[in-house]
């Protein structure tokens, strides 16, 4: 048995496994779109079985490195396994409920599993992996622009609806995940640009295409990024201001406002701004109160899914209770966000936290199960490299005032 496991480890090298995983997740979203666009009805999405097999491989890697984890990471594994195990007993009333329950709970911890896989496989070379990561954002952005230019129904965010938007390979059911996908992509490619690792046009194209997705979450996070860059980095204003202005004007010219006008007239401003989440919260509030008890408040409801309001903070408390919610926050801070913040990482984490408070599927996005932790790992490696370089400069006998990386002017034009 040990020899068989060893042969699996040798065949699936961590670097190959990571690249394969990036491509697999992207292709599976295209498969999902094809099935659901043609009206197929599934209790679980077509990608569920391949992703289950993929995660079994991931757990083998994590098990192999079990002796390397620190106390907090070991505590996290106990915490996550306990939550999932308890969920297995809590959702036993029907097979469908059990499958959906375990799948949802598993998504809460996938970010951590992937991040720890990356952290403890030093043989993974980011310079070989990141071009694939870049390509995923580029390909989807190209499909969005093509869908918009030729009005291709297949690529619409909301097929057969008057609502504006194009989402590339991602199906309607994953549209909230696309908002997080482009929060990651825009922050990541902007960082790659100012570090001299990518051209400005590469970032600009992906950033512009994200406006065409049509979700208010993307508009908010894009405007936040523009604001941060505008006030923080004077040297790039001549690039960012025209890009932001062109994107917004272009969107206003083509955007179909009639869909939101009807909601505004019928339901009001808050309902329109929240994409009817406020209405869902009002409708479910009395049901939530009926299910409320000290036990459910601390540990979550036995069957919370029919009460979801698509606001992560509320849905998380309904699922794992206040104690589980506080545990998740602790592990985000101690594992995923455990590095020194710079402007981009601060923007990203602030936007992520903000969107979990007003939107859904940011904290448990199966679509972004690899993209999210990979970007955080990239930020962590940048932080470590910067810290190492600063230390070397300070120890140098010819030490002068140091600022990380090349000059910003070189980063822009190279």
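Glycine too: its Cβ is placed from the backbone N, Cα and C atoms.
Here is what TrEMBL records for this protein:
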TRANSMEM  12-32  transmembrane segment
TRANSMEM  75-92  transmembrane segment
TRANSMEM  130-150  transmembrane segment
TRANSMEM  170-191  transmembrane segment
TRANSMEM  200-219  transmembrane segment
TRANSMEM  239-259  transmembrane segment
TRANSMEM  313-332  transmembrane segment
TRANSMEM  339-356  transmembrane segment
TRANSMEM  362-379  transmembrane segment
(message) Applying the under-8 angstroms CB criterion, which one of 75-92, 130-150, 313-332, 339-356, 362-379 scores highest with the transmembrane segment (200-219)?
(response) 130-150
(message) Tell me whether the transmembrane segment (170-191) sits in contact with the transmembrane segment (130-150), defined here as at least 3 Cβ pairs under 8 Å among residues 6 or more apart in sequence.
(response) yes
(message) So, taking each listed stretch (75-92, 130-150, 313-332, 362-379) in turn and counting its Cβ pairs to the transmembrane segment (339-356) that are under 8 angstroms, which one gives the highest count?
(response) 362-379
(request) Sort out for me which stretch, of 130-150, 239-259, 313-332, 362-379, has the most Cβ pairs below 8 angstroms to the transmembrane segment (75-92). (result) 313-332
(request) Grab the same-chain neighbours of the transmembrane segment (239-259) for me: Cβ-Cβ under 8 Å, and only residues 6 or more beyond its ends, written as numbers and ranges. (result) 148, 161-164, 200, 204, 207-208, 211-212, 214, 219, 222-223, 226, 229-230, 412
